[in-house]
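One structure is given here, and the rest of the page talks about it.
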Amino acid sequence: MFARVSDKLHHRKHQQQQQQQQQQQLQQQQQQQEQQQQQQQQQQQQQQSLQHNQQLRQAQANFLQGSGPEQIPSGPTFTSASHLTLSGNVSLQNNPSGFPSDLGTSAEEHSQQRPLVEQGQSEMDDAVAAQANLHHATQQARVAAINAAATQAALDGAIATNNVQASSVQTPKAAGQPAVRKTAGRYALNDFQIERTLGTGSFGRVHLVRSRHNGRFYAVKVLGKEKVIRMKQIEHTNSERQMLVRVRHPFLVNLWGTFQDVNNLYMVMDFVAGGELFSLLRKSQRFPNSVAKFYAAEVALALDYLHSLDIIYRDLKPENLLLGADGHIKVTDFGFAKFVPDITWTLCGTPDYLAPEVVQSKGYNKSVDWYALGVLIFEMLAGYPPFFTEDGNPMKLYEKIIAGKVRYPTYFDALAKELLKNLLVGDLTKRFGNLRAGSADIFAHGWFAEVDWDKLYRREIPAPYVPKIQGDGDASQFDRYQEADVSEYGRTGVGQYDHYFVDF
């Protein structure tokens, strides 16, 4: 019931076991480095404490700015955004009285200065809260504007691509559901030349094809009708088409059209030449902080866009994240996506990425995607998911997910760890993305402080890794598979299963 959708589970677990052993050795080395860094930090804190005390005596609000992006050779360049990190407030822990201990002032002078200092501290606290609220509101408005632009692009695409009247395209407000974007006409198998296999799955495979009309390359997903029905995936298969028809976003794969024959269903989609993020992560073992942040930020924009249309994705994992020729993310595989205005109960997804409420068969909402984002961030930073089990026992995995105890490697960035603690939480009243501010809590978090969301949406921030693509149709970033017998493709006529897939 909980079988992983991807056929790569065993391969992935074996690699993660090897990485765990390497990780233990790395942790021992880094613990020694941590001790040295702690000594240096203590010295820096002492110097900062003297500066803070002087600032308090003058009763001035001097706020510390957040740190800039991590400088690594393969890291992306983020454009700094104005922000205020709450953890950057002046600390009085080293001096509980709130006064410098080395100024030689008397108790009477202290008592005279205290009201001024307390007033200054109160003003600082108010300013911190005000700026934090403003930052949340600004980020929320910015992302909402991005989502609105993406939704309008989907509507514009429907009208321009298909030459239909605006009244025939449903809007979210009028219909109560995401706008329907008609695909660009009907296709047939003889419209394409099959080049090679890009991937395989439980119900079929994905082929690289070339259009006989415009010469462009596409990915065609072929699903065997009989297999889909036998595996009871009719709803998910139809849902994938319905969701892809409704969306258009820079970080979502685009559906160009669908068709069917007697035996199979066909979905014509973008060919995303850079391969899976899963493959890149396995080659890299784990990503530097800034690289993980880049990919997480693009995924977050995609998820928030889907949520603005009341769509839950429900299958986030590195295998479903493709890299374009420019290195930017494309989310694919919408088989588990569903239109859910409030809550749903369907049990589906990848075991490592299931939220506790899903494992416990409780009703759940869009916040399961934000929980999965936390799992993705952890896996990108660590090289393995947070509730990894060495023997691959699913029941042990689910027990660990419900218990919710996460062991964070010592090398994790402090802000990344703070964000993860607010995402990988079973209590929905505490999980980011499900609170009063919604997704703004995530986009405004200090870990994303230097991200310019508008530029990221426009793909103006260079990707940390650009795949080596040798021109159009280069599929070298994908594994080689034994080619299938395609003689059964394209059989015309009326099939016994056609009534299950009328939209195709």
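Heads up, the Cβ atoms here are built off N, Cα and C, so glycines get one too.
Where the annotation comes from TrEMBL, it is an automatic prediction and has not been curated.
The model shown is predicted, which means the values in this text are computed figures rather than measured ones.
With a 10 A radius on its CB, LYS221 (ATP binding site) counts 24 other CB atoms from all the protein chains. What TrEMBL lists as ATP binding site is LYS221.
Here TrEMBL flags 16-56 as compositional bias 'Low complexity'.
Marked as compositional bias 'Polar residues' by TrEMBL: 88-98.
Sequence annotations record features per position, and here TrEMBL assigns domain 'Protein kinase' to 192-448.
If you look up TrEMBL, you'll see 449-504 marked as domain 'AGC-kinase C-terminal'.
Here TrEMBL flags 1-56 (among others) as region 'Disordered'.
What TrEMBL records for 88-123 (among others) is region 'Disordered'.
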Structural state census, the domain 'AGC-kinase C-terminal' (449-504) (DSSP three-state): 11 helix, 0 strand, 45 coil
The domain 'AGC-kinase C-terminal' (449-504) [mean pLDDT, rounded to integer]: 94
